[in-house]
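Enquirer: For reference, TrEMBL lists these features for the protein:
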ACT_SITE  CYS86  active site, nucleophile
ACT_SITE  HIS176  active site
ACT_SITE  GLU178  active site
BINDING   SER230, GLY231, GLY232, VAL233, ASP234, SER235, SER236  ATP binding site
DOMAIN    203-395  domain 'GMPS ATP-PPase'
Amino acid sequence: MATETTSDRVLILDFGSQVTQLIARRVREAGVFCEIHPYSMSEAAIEAYAPKAIILSGSPASVTEEGSPRAPGIVFTKGVPVLGICYGQQTMCEQLGGKVEPGETREFGRAFVDVKEPCALFEGVWQVGAREQVWMSHGDRVAKLPEGFRIVATSEGAPYAIIADDSRRFYAVQFHPEVVHTPHGDALIRNFLFAVSGLSGSWTMAAFKAQAIEKIRAQVGTGKVICGLSGGVDSSVAAVLIHEAIGDQLTCIFVDTGLMRAGEADEVVTLFRDHYNIPLVHVDAADLFLGKLAGVSDPEVKRKTIGATFIEIFDAEAKKIGGAGFLAQGTLYPDVIESVSFTGGPSVTIKSHHNVGGLPERMNLKLVEPLRELFKDEVRRLGVELGLPKAFIGRHPFPGPGLAIRIPGEITPEKLEILRKADTVYLEEIRNAGLYDVIWQAFAVLLPVRTVGVMGDGRSYDYACALRAVTSVDGMTADYYPFSHEFLGRVATRIINEVRGINRVTYDITSKPPGTIEWE
Ligand SMILES: Nc1ncnc2c1ncn2[C@@H]1O[C@H](COP(=O)(O)OP(=O)(O)OP(=O)(O)O)[C@@H](O)[C@H]1O
Ligand SMILES: O=c1[nH]c(=O)c2[nH+]cn([C@@H]3O[C@H](COP(=O)(O)O)[C@@H](O)[C@H]3O)c2[nH]1
Ligand SMILES: NC(=O)CC[C@H](N)C(=O)O
Ligand SMILES: [Mg+2]
C-alpha cells in the first residue's frame, strides 16, 4: 500500500488505540506524509514502505498479558528513529530488555509531568524543572529501563513518563502527545519529526497535486477512465485532478440511485456542466437500486448491495463508451480505514463504505483512487489548489448509499419521499440561520417507529424523525452541533406541519465515538 507521494514517509504502527488517527493528523499537519498500518505488518512490507521514522501507537492491550501484540523486530534494527506512545512505550521497553508491570495508580485524563533533563523531544517547548500538563490513559507502567535509555521526565503514576535513548534515536512517552488535551503535544511530535528524524515537512497540497498527476498518468497510460461523480467534494476533486492528468481520456458518470435528496440529481448535473467541460453521463438507475433493496433491512447487506449495483452500472457504462479499463472514485482514507478489518490486526470493521468494503470481490475495472490517502479537510485544500468553486468545496458530505442508510430498516418509495421532504425543510432552516458552513454535516433520519400524536383534534399515528448535525474536522470524530432550543423548535414545527407522515421530531446528541455520524 506504500505510495510514491514522497520519500519522507513516516510509518505509524497501530496497536488498536482509540486515538491512532490523531497521530496521523498531527504528523500530516506538520507537512510530513504518513500512513497507519497494523502492528502485524510484515517486515518485508515495512522494508518496502521505507519509513524515515516510526511511531508506535497506544493499545487497549497490556504488555503483561500473554500473547499481547509486539512490534516487528525490524522496527528496532532498521536504524530509523522510533517514538513509542503509551503502549508503544511499554512494548518498546519490553522488547529491548526492560520491564513493564501493572501500576499502583492508574492515570486517566489530565496529569502532570516533571521535566528532569534536557531532551530533543521537547527542546524549545518545555524547560527543565517545569511541571507540564499532559493527557494520560494507562494502567501499566514501565518498571525497568532497557539499556541505553535515560529518564527525562516523570509523573506520579509513571516514573518513566518520558525516556530517551539519544544514540539510537529511540524516544518514548507514557502520555498521549497526539491529543489536544496535551497542550504543546503537537510541538513534541514536530520535534520528533524535524529535530530528531531530520524530515523536511515539505508535504504540501501543491506537491501532492503534482505527484498525484504523475501517478495517474503512469497508471492509466493511454487507457480510458470513467469516474463515479456524485457531486460531492471528493469525487469532484478526483474528477478535476484526473482531468488535469489525462484530459479527454476521462468520462464522468453520475448515477441517480433513487436514494438522492430532493432535486439533487439535477443540481449536480447542472452545477458540473456549468463549471467543467468534462463529458458527464447521467444514468437513471432508481428502479434498479430500489428493486435490489426491496426487503433488505440489514445495514451491511444494504451497503454491499449498493456497492455491487454501482459497479454493475459502471461496468455497463464502461462498455458503452468503447471499453474503459479504469474506474476512478473519490475514495478517502477514512473510507478505507473504517471499511477494512486488518487481518490479525486490532481494529474492527465499523461499516463497509459502499466504495471500499462494499465493492464486489471480482472487478473488471481497475481502480484509480488518487485521494485514497487523504483526509477530508486535506481534500478540500486540494480542491482549493485545483481552483474548484466554493459550491463544490463547501458542500456537506453525502454518502454514496444516500438516504438508504438514513432509513433504518426496509426502504420504500413512500419512506424516501417523506424523508426527502423533512430533510429539505431542515436544510432550508439551517441555511436561513446562516449555519450551513459552521456545521460539518446535517441531515434528517426517518425512524422505523410510529408514534401517536394529536393533530387538529384528530389522532395521528405516524413516523418519528431524528435530526442530526455534527461538527468535525475529518469525519473520524464528531460532536453534535449545539442548536438553540428555539431553532430546534422551529424546525420541528415546520416538519410536523409540512411533512405528511411525520408527527414527532427528535434531535440526536450523540458524539462520534461512541456513535457514528450516519445511523447505519
Ligand atoms: N451517485 C453517484 N454516482 C456516481 N458515483 C458515486 C455516486 N455516489 C458516490 N459515488 C462514488 O463513490 C465515492 C465515495 O462517495 P462519497 O460520498 O464518500 O464521496 P463524494 O460523494 O465524492 O464526496 P462527499 O463525501 O463530500 O459526499 C465518490 O467519490 C464517487 O466516486
Ligand atoms: O460515500 C460514502 N459511502 C459510504 O458507504 C459511507 N458511509 C458513511 N459515509 C460518510 O462518511 C462520513 C463518516 O460517517 P460515519 O461516521 O457514519 O462512518 C460521513 O460523512 C458519512 O456520510 C459514507 N460515504
Ligand atoms: N493507552 C494505552 O496505550 C494503554 C496501554 C495499556 N493498556 C495500559 O493500560 O497501560
Ligand atoms: Mg458523497
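Backbone N, Cα and C atoms are what each Cβ position is placed from, and that goes for glycine too.
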Enquirer: SER230, GLY231, VAL233, SER235, SER236: which of these binding-site residues put a Cβ within less than 6 Å of any ligand 4 atom?
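Expert: SER230, by Cβ distance under 6 Å.
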Enquirer: Looking at Cβ-Cβ distances, which residues of the chain lie under 8 angstroms from SER235 (ATP binding site) while being 6 or more apart from it?
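Expert: Looking at Cβ-Cβ distances below 8 Å from SER235 (ATP binding site), excluding near sequence neighbours, one finds CYS227, GLY228, LEU229, GLN329, GLY330.
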Enquirer: Rounded to a whole angstrom, what is the C-alpha distance between SER236 (ATP binding site) and the residue listed as 'active site, nucleophile'?
Expert: 40
Enquirer: CA-CA, which of the active-site residues CYS86, HIS176, GLU178 lies nearest SER230 (ATP binding site)?
Expert: GLU178
Enquirer: What whole-number Å value do you get for the CA-CA distance of GLU178 (active site) and GLY231 (ATP binding site)?
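Expert: Rounded to the nearest whole number, the Cα-Cα distance is 34 Å.
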Enquirer: For ligand 3, list the recorded positions among CYS86, GLY231, GLY232, VAL233, SER235 whose CB atom is within a distance below 6 Å of it, in sequence order.
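Expert: Close enough to ligand 3 are CYS86.
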Enquirer: I want the residues beyond SER230, GLY231, GLY232, VAL233, ASP234, SER235, SER236 whose C-beta is within 8 angstroms of the mean position of the ATP site's C-beta atoms, in chain order.
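Expert: Everything else in range on the chain: LEU229, VAL237, ALA238, GLY330, PHE392, ARG395, PHE398.
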Enquirer: Under 6 Å from ligand 1 by Cβ, which recorded positions from CYS86, HIS176, GLU178, GLY231?
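Expert: Near the molecule: none at all.
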Enquirer: With Cβ-Cβ distance below 8 Å and at least 6 positions apart along the chain, what are the contacts of GLY232 (ATP binding site)? List them in sequence order.
Expert: GLY330, ARG395, PRO397, PHE398
Enquirer: Specify the count of other C-beta atoms within 10 Å of the C-beta of SER230 (ATP binding site).
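Expert: Its Cβ shell of radius 10 Å holds 26 other Cβ atoms.
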Enquirer: Which one is it, among the recorded positions CYS86, GLY231, VAL233, ASP234, that lies nearest to HIS176 (active site) by Cα separation?
Expert: CYS86
Enquirer: Measure from the Cβ of HIS176 (active site) and count the other Cβ atoms within 10 Å, all protein chains considered.
Expert: 23
Enquirer: Please give the average pLDDT for the domain 'GMPS ATP-PPase' (203-395) in this predicted model.
Expert: 89
